[in-house]
């Protein structure tokens, strides 16, 4: 009996303390009701169970971990006392961190202090007056800014949420709060912040839409008209592999480089907000001593890791695209200076620590990059020796297929860098991983980008990027004047050039098929169905006309250095020995040769002119106008013309052709050559060898670089790559690129840049450029 009276007194004191907001008494009271529920039956059991959950929630909201653990156990056991009335609060307590609960609880206490009149909502004026009385300095500014962000009417709930978000960088919402926030958010915010709700809403709308218009929409997704248009580009060979290799890496590089700049700026912003969050946490600590400022900083940093993740995911894309891109179209000097600025700012601004370890990591990183910066250091006595010791290698070991292991001061420093990063990461129970190591890793990668781009920079470019751009604010007013004058001058020059007319006409013709794809929107569905066939015919015709002015451009090519030494004597001895060996020689198709001989015949075997044949399709009054735009006017009195040229010009004018299209001709040439061993060969050459054809004569001795196109025919047919005259001094600069060697060498050089970005100076990859691989004919046949 005495025990019951004592228990009753305890429960009364717990009840009083729980109602006063003491989390410990709330926990004891909840445990008491939970024991009662386990010992009772029927409605009394349910009533005690619900009271237990209610007090567990109240205690958990103040950050009591034991209460949160009990609630989690009840959720895991599917407790019947968790119903629709309390489920939302229970789920929030279980899924929300203790730190956020303490922050919210402290924020509520703070609001109660501000709201001395105990109003439901404070006006912005009342809020401002209360804050000014409460605190001053930076904390006052931050709290006033939080109030302005809420709006004119400031409620307890909104005040708690805004402080929680500012201090942590994120917050956990109840389902009701989440639904309200989702409805109030814009479309982009719905996708970014509430993906689950957005996915659910999109799923429901998609199901309804798919059941109604699904099949017709899928059929409409097939871009038939666009496929026609793109096919024409591929058919006419405008979009070549080399063209894509020029454009795509540049496009990817600039997009990915812009991405890492933006994410770095986001890091600076998050770091500034972290300082504000720390200041607010210090204020809330006065209202709840359980608010841990250091833990708050860690939580905010953890919630702000998204820019870092995007940055690290994009870095390999930047390096790989830069390695493939044509550096002519990348301002490497300017980017080196920009990388240096961002590297310095990252070191100073986004890390929490700048102690001895971080300074040693930076110093070792600098020493590891010295071989790049001092690569072309002048040979100054004594100084050059010191530079070689600091930045050179004591030993270099060749490993495999271009890999080289370097042992020296830079490589040893490079090996120490991971050790320093591990020391940064293990601080404060591994919170140093994202508070110290990750920010310094950003700084490290910016420095690596400097060393990667520096070899492609110039001293003039670096001076322009530093001194020149510092003076830019002074030069901008004056430069605007020169830009206007220059623009007027360029426009006048364009009007007086043939190219301007071609570009304008090409754009106009190119717009027609694009407009024809939009006839349904412009004129309605009936028009589109009625004239669909005619529309496609017009699209094809005008697309061809639009592409024609662009396709007659020969992209510059690089000479492949790789050449298999297959002698003419060896070929003749094996392939003309007997019928069986002659048939086996078909395996030599595509083999590269370097032979010598004397030209016995020269002929033009074919001429094509797609522009002329296309213009002939049009009526005369249209084709004449197009000839004026795309053609060159016959100038028969031109002093540069020979007598035969003047006669040809007069003949064309007399036939009614005022404008000629000969410069669009594509020629096929054939050289008959008798080799030094007496074997005749027939060499086929494309239009790129027009100047070579005009410069050579029958009887000239030449060196032939070619591939075998038909080893069985007699004379043997070769596809010309390069021709060199040996009997007289003739400059022949035209040749065709060996695509196989071009792409191999490009891959080697690109892989070298990408590999050395991550591993130099410890392990270095030296490109293996193809040149002069020897292959005997017997090996080829086998």
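Heads up, the Cβ atoms here are built off N, Cα and C, so glycines get one too.
TrEMBL has this to say about the protein:
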TRANSMEM  215-236  transmembrane segment
TRANSMEM  243-269  transmembrane segment
TRANSMEM  308-325  transmembrane segment
TRANSMEM  332-350  transmembrane segment
TRANSMEM  356-375  transmembrane segment
TRANSMEM  407-426  transmembrane segment
TRANSMEM  438-457  transmembrane segment
TRANSMEM  469-492  transmembrane segment
TRANSMEM  499-517  transmembrane segment
TRANSMEM  537-555  transmembrane segment
DOMAIN    579-651  domain 'Wolframin cysteine-rich'
DOMAIN    664-765  domain 'Wolframin OB-fold'
Residues of the parent chain within Cβ reach of the transmembrane segment (332-350), under 8 Å, 6 or more residues beyond its termini: 257, 261, 264, 267-268, 271, 362, 439-440, 442-443, 446-447, 449-450, 453-454, 456-458, 460-462, 464-466, 469
Helix-strand-coil residue split for the domain 'Wolframin cysteine-rich' (579-651), DSSP-based: 36 helix, 19 strand, 18 coil
Model confidence over the domain 'Wolframin OB-fold' (664-765) (mean pLDDT, whole number): 75
